[in-house]
Structure formats: C-alpha cells, structure tokens
Amino acid sequence: MATNRTFTMLKPDAVEKGHIGAILEKISASGFRIVAMKLTQMTKADAEAFYAIHNERPFFGELVEYMTRGPIVAAILEKDNAVEDFRTLIGATNPADAAEGTIRKMYAVSISENAVHGSDSDGNAAIESAFHFSGREMF
Ligand code: GDP
Ligand code: MG
C-alpha cells in the first residue's frame, strides 16, 4: 500500500551554502507538511549503514566522506503520493540532467554533491525515517 510519507536530507553542501531556508520554503510551497525535522551530523558508521545498498559502488568512500563532513537537515514529509512527488520535486541525481525548477537543478553542484536526498520507495521511506527519528519525534 502506498503511504503518504517520505524521508529527506538537506545534505552537507546545501547546509554549508546557507540553502536550508530556501529549500524548506520550496518544499512547503509544494504541499509537503513537515512531520519531523532536525539538524544532525552522521557518523561514518551511520553513513555506511544508511547507504549500504551502494557499498560496492566505486563512489562509496567519497559518498560517506561527503555525507559526514558537516551537519545535515533530516526530515520526514507528508503529502499524498509523497515518495514519487518528492522525487519529482528534487529532480534527477545528476543536476545536469535535472528538470528546470527542481531543487537539484537550483542548488546541486554535481552528481555527488547534489543538495538533497529523497527516498525512492515507501519501504525505504519508512526504514530511513526510523533510522533518524524515534516515534516521539514525529508529529
Ligand atoms: P539518488 O537516489 O538520486 O540520491 O541517487 P542514488 O541512490 O543513485 O545515489 C545516492 C547518492 O550517491 C547520490 O544522491 C549522490 O550523492 C551519490 N552518487 C550517485 N552517483 C554518483 C556518482 O556517480 N559519483 C559520485 N561521486 N557520487 C554519486
Ligand atoms: Mg537513491
């Protein structure tokens, strides 16, 4: 059954550049309600576990280094068709391929430093949300 929640992170590059406010504004204006949110920093072990599906990829070490180098904003978002609609809002992994007006087109620097994460399925949205938040932090 499709759920109405997805999980996002504003990644270290977006936080470093001061884009938190602009990106959250765009997310809210696109009809997503914030269910949970915090500024946090992933440890190496956190990032290796969160991105375990990519651990055989050549860029895995670089990905872990990038995702742990500074704080991120982790959030759970609610909207009808949340997972798919949020992936549309953020755009393609590589900002060079992302549609005009998408968050990655506007704020990402490269395929590696691409500003924002969005869950790719309802199952992963639930797993990733539970990775970062306890039930008491969801509203
Ligand atoms: P996403 O679901 O659109 O975030 O993309 P993937 O699940 O394929 O990859 C996860 C993350 O790994 C991306 O968001 C990028 O930060 C990073 N990444 C993906 N592909 C590459 C790549 O070819 N090179 C590097 N350096 N990083 C990548
Ligand atoms: Mg992915």
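Sequential numbering from 1, following the chain as shown.
Positions of Cβ are set from backbone N, Cα and C atoms, glycine also.
So that you can see what the record holds, here are the features copied from TrEMBL:
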type     : residues                                   : note
ACT_SITE : HIS117                                     : active site, pros-phosphohistidine intermediate
BINDING  : LYS11, PHE59, ARG87, THR93, ARG104, ASN114 : ATP binding site
DOMAIN   : 3-137                                      : domain 'Nucleoside diphosphate kinase-like'
Exercise. Taking the binding-site residues one at a time (THR93, ASN114), which has its Cβ surrounded by the most other Cβ atoms within 10 Å?
Worked result: ASN114
Exercise. Going by DSSP, how much of the domain 'Nucleoside diphosphate kinase-like' (3-137) is helix, how much is strand and how much is coil, in residues?
Worked result: 64 helix, 24 strand, 47 coil
Exercise. So which binding-site residues out of PHE59, ARG87, THR93 end up within 10 angstroms of the residue listed as 'active site, pros-phosphohistidine intermediate', measuring C-alpha to C-alpha?
Worked result: ARG87, THR93
Exercise. Where the criterion is a Cβ under 6 Å from an atom of ligand 1, which of the binding-site residues ARG87, THR93, ASN114 meet it?
Worked result: THR93, ASN114
Exercise. What mean pLDDT score does the domain 'Nucleoside diphosphate kinase-like' (3-137) have in the model?
Worked result: 98
For this session: List nothing but the one residue from LYS11, ARG87, ARG104 whose Cβ has the fewest other Cβ atoms within 10 Å; the candidates are the binding-site residues.
Result: ARG87
Problem set entry | Span of LYS11, PHE59, ARG87, THR93, ARG104, ASN114 around ATP - largest C-alpha separation, Å | 22
For this session: Have a look around HIS117 (active site, pros-phosphohistidine intermediate) and count the other CB atoms within 10 A of its CB, chains all included.
Result: 20
For this session: Might you list, by sequence position, any residue in that chain lying six or more from PHE59 (ATP binding site) with a Cβ less than 8 Å away from its Cβ?
Result: SER112
